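Here is what TrEMBL says about this protein:
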- 306: active site, proton acceptor (ACT_SITE)
- 186, 250, 251, 275, 276, 277, 278: ATP binding site (BINDING)
- 276: Mg(2+) binding site (BINDING)
- 304, 305, 306, 349, 350, 351, 405, 457, 458, 459, 460: substrate binding site (BINDING)
- 179-481: domain 'Phosphofructokinase' (DOMAIN)
- 277: site 'Important for substrate specificity' (SITE)
């Protein structure tokens, strides 16, 4: 199986066959090759990051002196964002009238095997040509805050992506479907909500064989882990608790081994809940199924509490994380405010992106300093964090610091250790900042009372809030709609408040990060009142 090696700056491509098959959920092979296309072009004030944050891969092949470059760009975009369909491999695949019709709730039975009941008057289906606009702001200048421009003149180019939802024609007979659900990576609020809704929607279509794969991808290979039969009765109240009904794990068997097990078990629909690494694995499974000419639909549901998946408004679990982080921040504020020369330090999740720290700081209104991975800072020196803390204690008597776990790693001793997903094991920036604060003020002869709070596992394990509950419900439903419509190698997400399907390679090309020139980061800085720490 080919290893995935996204090329940032060009389209994601697959390199030549490697000698060893990569393990799934391995970010080391997901982000192994980083190439910024168009580096030789010198356009004033155009930052590649601003382009890739929202628009996807920047095409270095564009010649902006070509009068037709805009139409060529649009054609390239349409080709990249065209979502794979079963008819690409099986041109003669038979379609059937959809069994999903909320106006006619006739149970699907064997008597409909040759033709399913369908109420033609129901207008609840999505046309295959329906599209959602990916970019909705027309920036007039690349110097505008948060500008995402394709060319130096910020030319407006319409970019459309596929609208999600039920189709009038389906490509699987429900009685022939065996659907499997797998949850990979770490815990995240909302996993059970998605599992529940996938099962419920599958049953509405008429699917009787639904199973859960225990403990991530390893559930395909571990002989001691049996499939878990799923039904509406089993999942009815599972969303009332956190965690995952199926369990989670990192790593797992090779792609070929997973597809072998799917073939042996007769699984022809696979729903994968996970982040970037997990989606890379799902895409590899999709490619292998295509190579073997297997009629299988592989659909991803983006799960990352860090909100670091490209092109989407947000991922499930993020809103809950921001809300739960308020408890930790408020506790740190009370501790700091109640102590003589008190300082509270809260470390929140965010390996490569600071969305949780930024939005939690903005929501609380109690943070004086917010530190995220995207914005470098100095601890020491006349413009460092410690100097500002000294100023805060002198002027208001207390201070609260919020730091994302991936921030300031340059201040820590680097290690080569990696977890089972291939992620580099980060140093503990929260503990380091706590120690440096204590040391700094002790050496000044005016010790500070420092309280450190790390709520990471409390946040990961809680149940989804109302906002995430709705998001999970719709994502789960649309994942099933996409599979029955014959799409595979896709993920479902929310884009500009509408639900869409993306081809997996476009959302895993790189992690989504906070743009330091974005309006949201500027709002956070306005709230905290912090200076630049450089």
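Sequential numbering from 1, following the chain as shown.
Including glycine, each Cβ sits where the backbone N, Cα and C put it.
Listed in sequence order, 275, 318, 349, 350, 351, 352, 353, 355, 356 are the same-chain residues at least 6 apart in sequence whose CB falls under 8 Å from the CB of the residue listed as 'active site, proton acceptor'. On a Cα basis, residue 277 (ATP binding site) lies 19 Å away from residue 405 (substrate binding site). Cα of residue 276 (ATP binding site) to Cα of residue 304 (substrate binding site): a distance of 8 Å. Sorting the binding-site residues 251, 405, 458 by the number of other Cβ atoms within 10 Å puts 405 first. When the binding-site residues 250, 251, 277, 278 are screened for a Cα within 10 A of the Cα of residue 460 (substrate binding site), none qualifies. Taking CA atoms as the reference points, residue 277 (ATP binding site) and residue 304 (substrate binding site) are 10 Å apart. Largest CA to CA distance in the substrate binding set (304, 305, 306, 349, 350, 351, 405, 457, 458, 459, 460): 17 Å, whole number. Across all of the domain 'Phosphofructokinase' (179-481), the predicted model scores a mean pLDDT of 95. Residues listed for ATP, 186, 250, 251, 275, 276, 277, 278, cover a largest CA to CA span of 13 Å. Of all the Cβ atoms in the protein chains shown, 27 others lie within 10 Å of the Cβ of residue 277 (ATP binding site). All protein chains shown were included, and the count of other CB atoms within 10 Å of the CB of residue 186 (ATP binding site) stands at 20.
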